[in-house]
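Asks: The following block contains the structure, expressed as structure tokens.
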Amino acid sequence: MISIIYLFFLVSSVKTSDYSLIINEKSSIDKPIFTFPYSYELINNFQLNFNLTNNNTKLILTKIIDRDYWCIQNICSCDYCSFILELFSNYNQIPKFSTINITINDINDHTCQFFDIQTNILLSESIQIGHRFPITRAIDYDSGINGKLSFKLLNNEDYFQLDIITLSMNEYAIYGIVKQLLDREINEKYELIIEGHDHGLSQAKINRTKIAIEILDENDNAPKFSQIEYSIHSLPENTPIGTELLTISASDADKGLNGLIHYSIINPPSSSSFPFIINSTTGVISLHSSLDYEITRSYRFLIRASDSGLVQSLFTDTWLSISIKDINDCPVEIMFLPNRRFQYDNQKLFIYENTEINNLTLGYIRLVDRDSIETKLSISLIILDKQIKQDYEIISSNQLNSYILIAKQGIFDREIQTEINLRFIATDSLLTSIYDLKIYLIDLNDNPSEFLSNPLKFYIEELANYHMIKYPIEDYQLTIGYLNGIDHDEGENALNQYELESNEFIKIDSNTGRLYLIQPLDREQIEYIQLTARAINLAEPKWITDVQIQIQVLDVNDNIPQCLTSYNRISIPENFPIDKPIIKINGSDPDNGLNGTINYRFRTNSTWLFDINNITGEIYSKELFDYESEYKNFLLIIDLEDNGNIIKNKNKNSCQIEIILEDINDNRPELISNEQKKIFLDINKSYENEIVLLNITDKDSELNGKIKYNLQSIESNINFNYNQTLFYLNQNGSLFITNKINQICLFKLHILLEDYGYPIQQTLIEINIAFGNSFDSRYSSFDKIEKFFQEKSLHTNYFVFIFGLTILIITFLFLISIIIICLLIRQQHQRHKTRIIARNKLLCSSSQQLTTSDSTVTSNITSTSIEHQQIIRPPCSNERPFTNERLSINCSSPESHTYKILHVPIDIHYNEKDKIDNISCDHGYHESYQTGTPSSSSPEQYSSENSIRRDYMFNQLPYFVTKCKSLSEGFIVEMNVDGSDEETR
């Protein structure tokens, strides 16, 4: 609507027009109303009501024109409705702009319309003659004489008359005037019928309305404005919102509420966009929304002043006229008209790719400024794309503010550049406008199709085989995939037709490229198919592209797991272990991978807790079996299921296992009734041979449950010579007595129960038989007899206890004595051991000093004291002849060493050349013998000296020497340094 009003005022400002036309409103559409000498194009289409036909030479209406509606909406003047259409012609390649002035005549097509009717008029009965009150407003939307109205009152002419005020050419305000005094008690209500008719020449149109009047006794003065009419001239359209424009003032001669005035605007043309408001208390008119000179140049509306009378509010209306002053607030409008060679729609220009570019004219540009202020207009071009393949330029035409857009050089290739974005910037030295033009390149078939890869690989499951078998529909087609030839062209140029080399399995849809199966495929028969296909362009030239197709058939889970044996019957002993598999299910599945991997699961698990290894198929029992329970046979149903994708449970199979338990001899014979362990027999009753039939049971079956009886022993508190033959036990469990018992006594029978199974199960039971006297209360029952003998045994056991306690105390005292003696001996031994360690340290020290000399024996002895030289060495197993080499002694642990000492007295003199030869060891612990003679002495002398030396040395031996052996040159003494044989010595 805004753009239409812009165009209206712009065109109205043109001084002259090339053509003119006058038509009546509501003329027929789609019929020629004017014929042009040339072919034109509409630059502006006023209210979209016109179009050009017959090679753009004939002007027609496309919509019915309602002149009166345009008048109400301020689209055109109510007095003279005229507007201009702008045209453009490129006749003989000469661009030309033309205009046509079109005037719309009014016809009498509207009747008088009453509005703002006072539906409930209240008049005070004291109202004065001549009082005027508003009744209604009337309008005829026609113009001229067709809109001129006349009114008359059809009833109650004696009391009222009409006062008609002309508000505009076709709008009237109807007031009523009181002709005589009113009396509410005579007549409380009046109804006025008002008739209005226009002055149409052909036929007048008439309308009526009814007005109700109620008579009251109150407010009888209406407010009066200070001016008959208010106006504001040249209000700038950029006036800020909220600006106070004018103060409306009215007065009322009444007092109190009847004189309190409120202001309001009556029926603004469009309440949603009406830019003015009035303060109901102060009467200040303010700007409520922005103004726009290009939309509405003036406003005229009614202001009402109403008092606050309680019974009836009286009011008076007055007109307020406001004219708007134009300012330069409209940016320049950029109008683009394309070259007729190209398509154009809504700022989009369509050009075929590969169009030759050589100063190619793309279109024409015109700049329009809707403001009434004359300014200088300019335009510039900006190319928004970064990589542009063409050069563009704007050149001036021979008309003011008109330009031509040309492409100077470059190429149009849609595959490189699908669209081109141009921006025109126009300015009037103050405001700037932007117009974006998109150039879309129309595709041509200049590219062959391409495939993403060559070869193309497709995969199809052999499951397709089963679909086609299950649904044997004629010409059944199972889709494998699609050939998608990518063509960089678009639209029809990108459409392909597909062909496939002849084969017996695969076909192709020539239009869609869909590959489909026409014959079932089984992977076990064929795994791989290779074919050649081609894509052919439908548009000319028909490009052809070949591609290789590889189709691989994938395995699916199409085989059912099978049991090698569908039914198995096995027997197991009832003591079968739970950690050992009872049986292993052997299944097979010819599929591969997960499809051939079998899982074993129970479907029916009987009443026993069985478990199955899902992978190996081994069946175990979670609990030990018991043949004696109620469950002896078990039926297991095992489902075999692979790990592939399950297809409607058809890959399930089952095996049946029947397990039969075998009895083993795992139960002992047992006496069922404990009452049979205590039997009371009355000696006063007649003698009966059979005492009792033992109730014995064995839960095992057959021989394992058959029982044999053996009477092991008989105990009694009295002595019978025939104790062992007094009772007899039959193999059916009957216990007999062979002789009659006449005295009070108690027998204990030990009976061994055995079964005939393997291994034999035994139970030893004890049967107590009491013989009592029912006439003597002390022995009248089994419990009394048992208690009697227990008390008797208790006295005997007391003396046994005292004797045993005495023996225990004596034994305890004896053990205490032994422990004390052992502690004393241990203490003595530790003290002795301490002395031995001290002696050994002394001995080791002496030995180390004596062995430092390189000589074996010193022959010069100058003293007769006990001091002497020694050669000490430990016993050895293979001792060499004595030499002059230094001897070594291990003193690290002297407690367990035995030393041999060659002892030479100091009172015997030897020659320096004397030597001890051939010293030998006989490896004895206490016996060591050395042999040898001096090299220079005679035997007799040696024997005499040796005897003297031996006697002397025996007297000088220390206490720790254990043995001494006399030799020709001295002594060999043997000692134990740990003192182990000191007591013996």
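A Cβ is built for glycine as well, from the same backbone N, Cα and C atoms used for every other residue.
Caution: TrEMBL annotation is automatic and unverified by curators.
OK, TrEMBL features for this one:
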DOMAIN    115-225  domain 'Cadherin'
DOMAIN    234-336  domain 'Cadherin'
DOMAIN    343-451  domain 'Cadherin'
DOMAIN    480-563  domain 'Cadherin'
DOMAIN    564-671  domain 'Cadherin'
DOMAIN    691-782  domain 'Cadherin'
SIGNAL    1-16  signal peptide
TRANSMEM  798-825  transmembrane segment
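Give me the lay of the land around each of these features.
Replies: Mean model confidence for the domain 'Cadherin' (115-225) is a pLDDT of 86.
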Asks: Applying the under-8 angstroms CB criterion, which one of 343-451, 480-563, 564-671 scores highest with the domain 'Cadherin' (691-782)?
Replies: 564-671
Asks: Please spell out the DSSP helix, strand and coil residue counts for the domain 'Cadherin' (234-336).
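Replies: Grouping H, G, I as helix and E, B as strand yields 4 helix, 45 strand, 54 coil.
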Asks: What are the helix, strand and coil residue counts for the domain 'Cadherin' (343-451) according to DSSP?
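Replies: The domain 'Cadherin' (343-451) comes out at 0 helix, 59 strand, 50 coil.
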